[in-house]
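One structure below.
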Amino acid sequence: MRWAPAYFHKPFIRLSEDTICAFPSSLKGKPLKGLKESQLTCDGPLELHTLVLLPSLRQVVFQGDRLPFQCTAALLDQSTSLHWRHNGQVVTSDLEQGISLEESVVHDCTLVTSELILSNVRVASSGEWECLVETARGNTSRKVDIVVLESSASYCPAERVANNRGDFRWPRTLAGITAFQPCLQYHFAVEGNIEKRALRRCDRSGHWEEGDYSQCQYVNDITRVLYTFVLMQVNASNALTIAHQLRTYTVEASAFSDAMDVLYVARMMEKLLVHAGLIRELSEIIFEMASNMMQVDEQILWRAQKEEQACSSIVQSLEKIAMLSLNSNSQDLAMSSRNIALDAYLIKPARYTGLSCTALQRRDVGVGEGTDTGHDMLLRFRCTTGVLNATLHSFAVKNTIGLASVSLPLTLFPPAAPTDCKLQFLAFRNGKLFPNTSNTSRTVEQGKRHVVNSPVVYVGLDGCSSWNFSDPITISLRHSFPGSDSVAVHWNFDTQDGRGGWSQDGCELIGSDPNISTLICFHFSNYAVLQELHNIHHPSLVPVEVLHPVIYTCTAILLLCLFTVLITHILHHSSIGISRKSWHTLLNLCFRIAMTTAVFAGGITLTSYSSICQAVGIALHYSTLSTLLWISVSARVIYKDAVWQSDRPPEGEQVIPTQRPMLRFYLIADGVPLIICGITAAVNINNYGDANP
């Protein structure tokens, strides 16, 4: 082609300025007159101006069908050859398998064609069929997917799936087919020319497999933002800024509604912890975020632990703070929050004389108020050296309540201990970050269900280990609620396939009374007391909120007045001078108003119970619509009775008034709201309920 550029510029050759190259792709769209000799090369990947595979689109065929393939490619030279592959394996003729491969045919020394015929398609023929063109300059290919259905193919039923990625309606689908649903929840579901889709495969037995929703955005705004945090690259220059932003979202952790929220916060804490050794403030932010996460609902924490061990990750991040923060220039560390307390020390074993620490909380009484605001106080540690075997029974500080105490023995360190050791204490207000994901354990006997009924206390060493001949650690824990059958336990991160669980190994209960249990343990861990609770709701049950007393008082007065009207008009109907229509409309209106106010006052706060909340929402929707329509019907009846006058008949004539049925009023005022509520609930029952995330 070296002659082409010079030939195009000869005076007797006329080329339009619009004459452009169509092939190869590197020159596509460029004017033919502007080509240079250096551009006319055969370097780069192999490109053929003709390469066609028929069929070119995905095919769905039945077992036993006949399926021909035809592949046509440009003939470059004698080295050009066509080959067939199935799922990456070379295909050859096999009449027993129903595979017939014809010889390649050359057309006009410019094209070469190869045919492959499947005379008896089998189930094993499903997959990717490929026509491969091999030349001395390189190879290229075309592919097509084939799905083979059995003659008695089954179907996966239509199914609706609602998850944290959206609401998906999967249609009835043939077995062996992968169905797709677009992510239509957001206007940005299409990026460029690529549409974001969810996919789900119907297996050959006619059962749906787990769907892949990873391309779709999260429905919940909080989850979507936390996922954005996880995708960020964290380094020393931006770690502190990201930590401050993330902490803002964890302040309202009680609004978290998805286990993924907990998981993403846990992952971010792991990322930020890497830089905590250089940035001391990061440790404080991580500690505060962990305390905020204890506001999350227990069921959500339980799911996060079961699925991804997110709670264990949060606890283990806290346990590493002392190792990263303590050094010769910073030999102690203390942090406090509403739900977690931390104390850490750089200990010299040669000078160690015993140590006792108590997790406490101030109990201040407001002057002139007489109200106890201790539940709003911070949880913190108070440590004393040289004090052995201190328990909560001996703790007495004015306006302060001790929740947990730990006494380390004098023989804690071996004689040949290192020069420095890092000792850390953690106190958790409750066991929410230690959810037991198994229904069976050594602590459940004879059908009894034991739960954490005390604070959880952690003691850990870094840089050295305790002495094998050391005396045990003494732990004293205050009970959160009345209970019995105390069990001393510690948290084992490795049990239950890494999900963690409570274990009695190495711990022993030495004393228990209605308020405090004392235990001893022979190793460092997270300690707690399990009990069977008595006559008290478990902390995981959300307390029912109540409205202002004035609302209930006014509701009771209104209901009393309404029922007085109802009973009076029912008992004295014959002596009250109102029309039959007015009587019906008055009774129905009073009843609908009473229903609306009663349902609102009694059920508007029951948002913690989804089924009850939905029932209240449906009842309120129906009663308010019905009330408004009965008001309209009553207004019409009153207008006709008081204002509207029909033409008077001539004197001497008697006109019998026509009685129109009352059923039409009931169809309008009761039937229309019933239809509206029914359609709304059928479309999406989640329209009724608590709208908060």
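Placed from the backbone N, Cα and C atoms, the Cβ positions cover glycine too.
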Query raised in the report: TrEMBL tags one of 222-243, 618-639 as transmembrane segment - which one?
Result: 618-639
Requested in this report: Run through the domain 'G-protein coupled receptors family 2 profile 1' (130-220) and tell me, per DSSP, how many residues are helix, strand and coil.
Outcome: 0 helix, 49 strand, 42 coil
Query raised in the report: For the transmembrane segment (665-685), what are the same-chain contacts with Cβ under 8 Å, counting residues 6+ beyond its ends?
Result: 167, 581, 584-585, 588, 614, 618, 621-622, 625-626, 629-630, 632-633
Query raised in the report: Cβ under 8 Å to the transmembrane segment (550-571), counting only same-chain residues 6 or more beyond its ends: which ones?
Result: 583, 586-587, 590-591, 593-594, 597-598, 600-601
Report summary line: The answer for the transmembrane segment (583-606), taking Cβ pairs under 8 Å and residues 6+ beyond its ends, is 544-547, 551-552, 555, 558-559, 562-563, 565-566, 569-570, 573, 576, 612-613, 615-616, 619-620, 623-624, 626-627, 630-631, 633-634, 637, 662, 665-666, 669
